[in-house]
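Here the structure is laid out as structure tokens; the discussion comes afterwards.
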Amino acid sequence: MNPTEWFTEQVPAAGTAFSLKIKNKLHEEQSEFQFLEMYETETFGNLMVIDGCTMVSTRDNFFYHEMMSHPALYTHPNPKTVWIIGGGDCGTLREVLKHPLVEHAVQIDIDERVTRLAEIYFPELCESNGDPRAELKFIDGIKWVKDAAPNSVDIIIVDSTDPVGPAEGLFSAAFYRDCAACLTENGMVIQQSESALLHLKLIGEMRDAMSSAGFGHLQTLFFPQCLYPSGWWSATIASKADLSKFREHDSANKPFETVYYNVDIHKASLAQPEFFKKAMALK
Ligand code: SAM
């Protein structure tokens, strides 16, 4: 392939790669934390790449952003305060703010440049940044959670890059213990948990770390995301409270539009594949 016409993300350990045909390179820079690239693609709109990994495209980001937000927000009985750790493209923040119960949503990304570039290349994802309930912070999410007071947040959404570089500590038992300490009674963490096909060991380790931090209830949910390795992604919810039910009636009557999420998709995303149940020793 001609590298000037295609962007390719290789996953050498899996022997796979995903490519998008590129029209133009729009921007590149080395920020204080990571290498940021923006492309215009032939068929997927704009594309954000961080340290060589695809993050967001105009065409398919709705799968990820909707599934990182709505299942958790419709599982919590009364989500008033939500923190998004990472999420600098602002797409998760936009989805969270669609919920009328939410009174305060804070996005905490370590790298302000990601948000500044998203404002230019993904303005639709940033359209709720001016909502009076929204607050943007540019600091390390690990420190933010460590310094937080007990009982200060209902839902923590960890919308981070892969567990390397600045995001590595976001997948640790120490981080989950700090999350457990600042969550309210029915509080929960939801974190992107990579691909069950390619990263099963990582998901197992992440679930073990969440359990060891005191979260007795875990729920991994599955959804498509063609931009990410294998095209099949997951997120894992951890809580001290029961996760077996969600606000099904509210979800079925959601007062906002989505592209992918609805009550049936929510239910379907909770179904656990046979190999996953076996690997995670689930009943
Ligand atoms: N959906 C994407 C994915 O899974 O590939 C994640 C997108 S979002 C752009 C990831 C963000 O996590 C980046 O903007 C990065 O700056 C942020 N990030 C990484 N480590 C962080 C940390 N320790 N604290 C806060 N933000 C962090």
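The backbone N, Cα and C atoms fix where each Cβ goes, glycine too.
Residues or ranges marked as domain 'PABS' in TrEMBL: 4-240.
Summarising the annotation, TrEMBL assigns S-methyl-5'-thioadenosine binding site to GLN34, ASP109, ASP140, GLY141, PRO166. Non-local neighbourhood of GLY141 (S-methyl-5'-thioadenosine binding site): ILE85, GLY86, ILE108, ASP109, ILE110, VAL158, SER160, LEU170, each in the same chain, at least six residues away, with C-beta under 8 Å from its C-beta.
The spermidine binding site annotation in TrEMBL covers HIS65, ASP89, ASP159, SER160, THR161, ASP162. Taking Cβ-Cβ distances under 8 Å and a sequence gap of 6 or more within the same chain, the neighbours of ASP162 (spermidine binding site) are CYS53, GLU194.
Positions annotated as active site, proton acceptor by TrEMBL: ASP159. Taking Cβ-Cβ distances under 8 Å and a sequence gap of 6 or more within the same chain, the neighbours of ASP159 (spermidine binding site) are MET68, ILE84, ILE85, GLY86, GLY87, THR92, GLN192.
Annotated pair ASP140 (S-methyl-5'-thioadenosine binding site) and THR161 (spermidine binding site), C-alpha to C-alpha distance, rounded: 13 Å. Comparing C-alpha positions, GLN34 (S-methyl-5'-thioadenosine binding site) sits nearest to THR161 among the binding-site residues HIS65, ASP89, THR161. For ASP89 (spermidine binding site), the same-chain residues that are 6 or more apart in sequence and have a Cβ closer than 8 Å to its Cβ are MET48, MET55, VAL56, ASN61, VAL114, THR115, ALA118, PHE122, LEU125. Site extent for S-methyl-5'-thioadenosine: among the recorded binding residues GLN34, ASP109, ASP140, GLY141, PRO166, the largest C-alpha separation is 16 Å.
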